[in-house]
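Structure first, then comments.
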Amino acid sequence: MSGLVGKLDPRRIQWGSTWNTFASRVLRTKPVESMLDSAMSGTSSHGTRLARVLSTVDLVSLGVGSCVGTGMYVVSGLVAKEMAGPGVIVSFIIAAVASILSGVCYAEFGVRVPKTTGSAYTYSYVTVGECVAFFIGWNLILEYLIGTAAGASALSSMADSLANHSISNFMISHIGALHGLGKGEQSYPDLLALLIALLVTVIVALGVKNSVGFNNALNVINLIVWVFMMIAGLFFVNGENWDEGRFLPFGWSGVMQGAATCFYAFIGFDIIATTGEEAKSPNTSIPYAITASLITCLTAYVSVSVILTLMVPYNEIDADAPLMEMFAMHGCMFAKYIVAVGSIAGLTVSLLGSLFPMPRVIYAMAGDGLLFKFLAHVSSYTETPVVACVVSGFLASLLSLLVSLRDLIEMMSIGTLLAYTLVSLCVLLLRYQPEGDIHGFVNFLSEEQNKKRKEGVLAECEKDACSPTSEADDYGGLPTNTCGAKNLPSLGDNEMLIGKPDKNAYTASHPNYGTVDMTTGIEAEESEGGMSRRLKKLIGPRYYTLRIRLGLPGKMDRPTPTTGKTVTVCVLLLFVFIFAFCSFIIFGASTIGEGRWWALLLLIFFILVIALLIVIILQQPENPKRLPYMAPCVPFVPASAMLVNIYLMLKLSAITWIRFSIWCLVGK
């Protein structure tokens, strides 16, 4: 006993080495080279292989289907009736803005680490570290688990509505009632939702090609029904439903609370990002699919919300099946059943879209040793992580049996918002890290192309070396660089001495990377991004003066470990102060509204500190590597995404935060 006490004596503990060991385990990252080798060998980094069969259209269909089903047929009516009224239109637009800000960050991550499964989990593991990666992955599992259960519950509620609530009455009278978690409303053991979730689990486990084909067919049906609702609904609209203050019956607070719940309806791009290992060309298809999905979903939600709130007063909307009942209230029963067909298709494809990525995240985490190893097993017949499919489907079925739909939607929103916040934070960190700290990002994206070009470049060099005259002889009087290339700025001793320089082969490790454009050969200042060119035209000659006064880095500046650490500290402080700022304006809104001097002073302090941290980040040099897609206006877009996501998280109910904390503790 005395020996044990002696070992625990703080004076005998080597705090420095202990901290370094702890930090190395928490912050260790997954090498990109291992994923590159596995991609070239045709297997995943776990030694198994998923079928690479998804096109860009398939990804867009997955994204749209996973969003539009539950979002259009359930969330629109729920938010309109209980939170925002007709202001649900504004709630959807605000949620879409938050999604777009996070979507561009997701798209950049998808390009940085393509050909992977696991979405934000894998991105974070490669770039930030194991601790953050596990936290994101665990919350993604929560997001998809609840999304699957919510989709099954929504399908069950719609079937109950079609049967004039006979299913729910039968369950309550023969089995009994349950109390919804946290809200106090009565619900019943939803056996139909359990069966629906199990059925879709079987479809997902049968193979990705079968799942996506089924998904595309249901999306076509959903599109036809949406067009029908827009045309038929115009005959029943009533503008008085928006008159006399009825547009915002719950005020702007209700609109923002509704936006937090509406965010659940925009999770499609997250699902797209999980399919990198199964996409044919993830480098280009993932950013395009994310953008197309968000635009399509926003159009569907706003148009449906307009028709719904103009056809039915917000307080008379049926929260369980709003789009079907809005036609029934006007006596148009045939339209109700047409919408019912679309509801079945939309909610089924939404359920499929939520269940489809969950086994893939579990598979990725299990393959990395963060979950039980048997969950990474891939069936040689279906080429899917079949064990993860069965486990995730069973858990989602159990959840749909016991928990009410509203509680499921709110719980899913907080997990989604947190994952998007961390992704935005990671993008902001990576842009300002030195090349050596990004674990091979530069070579990862271009190694396959460089390998294919290698033989052609060598052949061209041999041809030029053996030719009797070089190209430079044809331009005897013009200035040349060390290689004889016409009118190109010299790249110094590192330039090729034989033949024409391969501009595409320049990497960020080159000392003059960024001063010469990789594709045009002209100086980078002439080939800047569109934003810089517009600023030059707007400000004129003062553009460079402004850059100097703000202390912005020059073209030749490169990030160093010191500047990288500066950005890391600033980003972490930015997260803390944004969280404090959002908490203050939400929970201290009445104090701010009363004009208390200390409240206004504290508000100004938060704003100034956040602005100062963004300026300090701007003053640090960015990593010069240019990717096929990059989030625009960094650091403003990631910082704005963090601000919106954190604000929407804090607008959710306290019981949702309690459940979320319990889930995180279970993961630990």
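Note that Cβ sites are derived from N, Cα and C of the backbone, with glycine treated the same way.
Features of the protein shown, as given by TrEMBL:
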- 59-80: transmembrane segment (TRANSMEM)
- 121-141: transmembrane segment (TRANSMEM)
- 191-208: transmembrane segment (TRANSMEM)
- 220-238: transmembrane segment (TRANSMEM)
- 250-273: transmembrane segment (TRANSMEM)
- 285-314: transmembrane segment (TRANSMEM)
- 334-354: transmembrane segment (TRANSMEM)
- 385-405: transmembrane segment (TRANSMEM)
- 417-434: transmembrane segment (TRANSMEM)
- 566-590: transmembrane segment (TRANSMEM)
- 597-617: transmembrane segment (TRANSMEM)
- 629-650: transmembrane segment (TRANSMEM)
- 629-667: domain 'Cationic amino acid transporter C-terminal' (DOMAIN)
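For the domain 'Cationic amino acid transporter C-terminal' (629-667), the DSSP counts in helix, strand and coil order read 29 helix, 0 strand, 10 coil. Counting same-chain residues at least six beyond the ends of the transmembrane segment (59-80), those with a Cβ under 8 angstroms from any Cβ of the stretch are 86, 88, 91-92, 147, 150-151, 154, 157-158, 212, 215-216, 218-219, 222, 226, 258, 261-262, 264-269, 271-272, 275, 279, 285-286, 288-290, 292-293, 296-297, 300-301, 304-305, 308-309, 314, 317-323, 342-343, 345-354, 356, 405-406, 409. Outside the transmembrane segment (285-314), and at least 6 residues removed from its termini, the chain residues within Cβ reach (under 8 Å) are 54-56, 59-60, 62-64, 67-68, 71-72, 76-77, 80-81, 85-86, 88-89, 92-93, 96, 99-100, 103, 106-108, 110-111, 114, 226, 229-230, 233-234, 236-239, 241-242, 246, 249, 262, 265-266, 268-269, 272-273, 276, 279, 322-323, 325-326, 329-330, 628-629.
The transmembrane segment (220-238) makes contact with the transmembrane segment (334-354): 3 or more of their CB pairs lie within 8 A, with pairs spaced 6 or more apart in sequence.
Recorded stretches compared: 121-141, 566-590, 629-650; the one with the most Cβ pairs under 8 Å to the transmembrane segment (417-434) is 629-650. Long-range contacts of the transmembrane segment (597-617) within its own chain (CB-CB distance under 8 A, at least 6 residues past either end) are made by residues 428, 432, 550, 566-567, 570-571, 573-574, 577-578, 580-581, 584-585, 588, 591, 635-636, 639. The average pLDDT the prediction assigns to the domain 'Cationic amino acid transporter C-terminal' (629-667) is 83. Through the fold, the transmembrane segment (566-590) approaches residues 253, 421, 425, 428-429, 432-433, 599, 602-603, 606-607, 609-610, 613-614, 616-617, 620, 639, 642-643, 646-647, 650-651 of its own chain, all at least 6 residues removed from its boundaries and within a Cβ separation under 8 Å. Distant neighbours of the transmembrane segment (385-405): 50, 74, 141, 144-146, 148-150, 152-154, 156-157, 178, 180-181, 183, 185, 187, 189-191, 193-194, 196-198, 200-202, 204-205, 320, 355, 358-360, 362-363, 366, 374-379; these residues of the same chain sit at least 6 beyond its ends, with a Cβ under 8 Å from one of its Cβ atoms.
Proximity of distant same-chain residues to the transmembrane segment (191-208), defined by a Cβ-Cβ separation under 8 Å and at least 6 residues beyond the stretch ends, is recorded for 50-51, 53-54, 148-149, 151-153, 155-156, 159-160, 167, 171, 175, 214, 278, 348, 351-352, 355-356, 359, 379, 382-384, 386, 389-390, 392-394, 396-398, 400-401.
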